[in-house]
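Copied over from TrEMBL, here are the features:
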type     : residues                    : note
SIGNAL   : 1-24                        : signal peptide
REGION   : 29-61                       : region 'Disordered'
BINDING  : 93, 200, 202, 357           : Mg(2+) binding site
BINDING  : 93, 362, 366, 403, 404, 481 : Zn(2+) binding site
ACT_SITE : 137                         : active site, phosphoserine intermediate
């Protein structure tokens, strides 16, 4: 006889109370039943439906041979201890390990790899910052670009400066510089690419110093520090700052941060300035483009510097661009191609440092839009595959990492080979649930009927559309970051340094070591036998 859903819930509640109070039997039978409930044999998991995804998976020989192949692959790795001429740092904003796992299935299958997961060396970085266990994208940018951990929401400064501390910002002794400056000081070129605003938290770590990540324009600072604050906003630092003014390449969104609202209707500034025009007037060699067509037609050999701003704010999600009547924005892969081509044809060819961010993985997760997040991860992976094909492992160090994770999770128990977005039946309330969900976020009440005190059937909400909102447990305006370690993947000279578990701020020091730049330890000194 089939139990009614209400009876099931009641029995389940009694069992939970019994276990909590220690009143249930500890017999072997009870333990066995408990184990079965922990790993339920749900409707979709009938043995007859279990099939192998690859021929031979149902034999031990298949897995033994696969393990042997992996060992042979590891044996073939040769440590490259040449000096890195070029460095490319790829940053998947918000790309935690759960996102990578789900993205494999979204793109192809569980047993496949994202392009960077084939890199020979991997590690984990600890992402906490000085004042918080779970960081934001500003303080993490200071860590993985400037080599220093600091306070949440600050960029390019040490922890002596607290968030929104207007007076402390004036003490430049507490400002720290990124590996982009270290590279340029050594005669290399440097640039940045992002799918967010070029003044957003992560790319700002390349060139800016600020006590608050939201100080992107003069109007933003004045709101906190008054009119006579004496501080440079992030956009101003990109155009006229010590580091920003020397960058060879800047591509992404964010036109509004450079323009006064009286000059441009979508402008966010209030100082009467047009910083884009100021950039163009600095030199006849300063190229500026706003569309994919303009970018493709640009003669890179005639440009000394390149600025591409393709959106007023953050660029559109890739899936959303497919619905546009006319899309004028390049993809991350297209921007990556142009960035590398531009850097490779520099006249003073001493190499380069490139920061390339897939920034909208993070934005999608904050809105609990898992499908968009996984597509942005796919786009990120494709850009990395292209970069690796365009460069040589002999002289180019490529490092791929994330700044932080999210509360996104992949739960049980889906069949192998099934759609990663497919729903699974619950054994308690006879209603399906989504294995992809968030610990918190703005979609909580979509999935819970307060009047009936029960979940809402997710099949009524999820429509297999790009902007679907996935379930969240705790109601909060925007889903939060997660605090677990994130992956680091490296290929090229000294890539073996990136193995193990280490502090996030070690990343730029290891890249600088490989390229013999900066004031820290250098491979050149080690190889020459210098006392380090």
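Glycine too: its Cβ is placed from the backbone N, Cα and C atoms.
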Beyond the site residues 93, 200, 202, 357: chain residues whose C-beta lies within 8 Å of the centroid, for Mg(2+): 91, 137, 141, 194, 195, 196, 201, 203, 359, 362, 403
Euclidean distance between Cα atoms of residue 202 (Mg(2+) binding site) and residue 362 (Zn(2+) binding site), Å: 11
Residue 366 (Zn(2+) binding site) to residue 93 (Mg(2+) binding site) - Cα separation in whole Å: 11
137, 404, 481 screened against residue 200 (Mg(2+) binding site), Cα within 10 Å - retained recorded positions: 137
Nearest recorded site to residue 403 (Zn(2+) binding site) by CA-CA distance, among binding-site residues 93, 202, 357: 93
The residue listed as 'active site, phosphoserine intermediate', number of other Cβ atoms within 10 Å: 26
Pairwise CA distance, residue 404 (Zn(2+) binding site) versus residue 93 (Mg(2+) binding site), rounded so that it is a whole Å: 7
Binding-site residues clustered about residue 137 (active site, phosphoserine intermediate) [Cα within 10 Å; pool: 93, 202, 357]: 93, 202
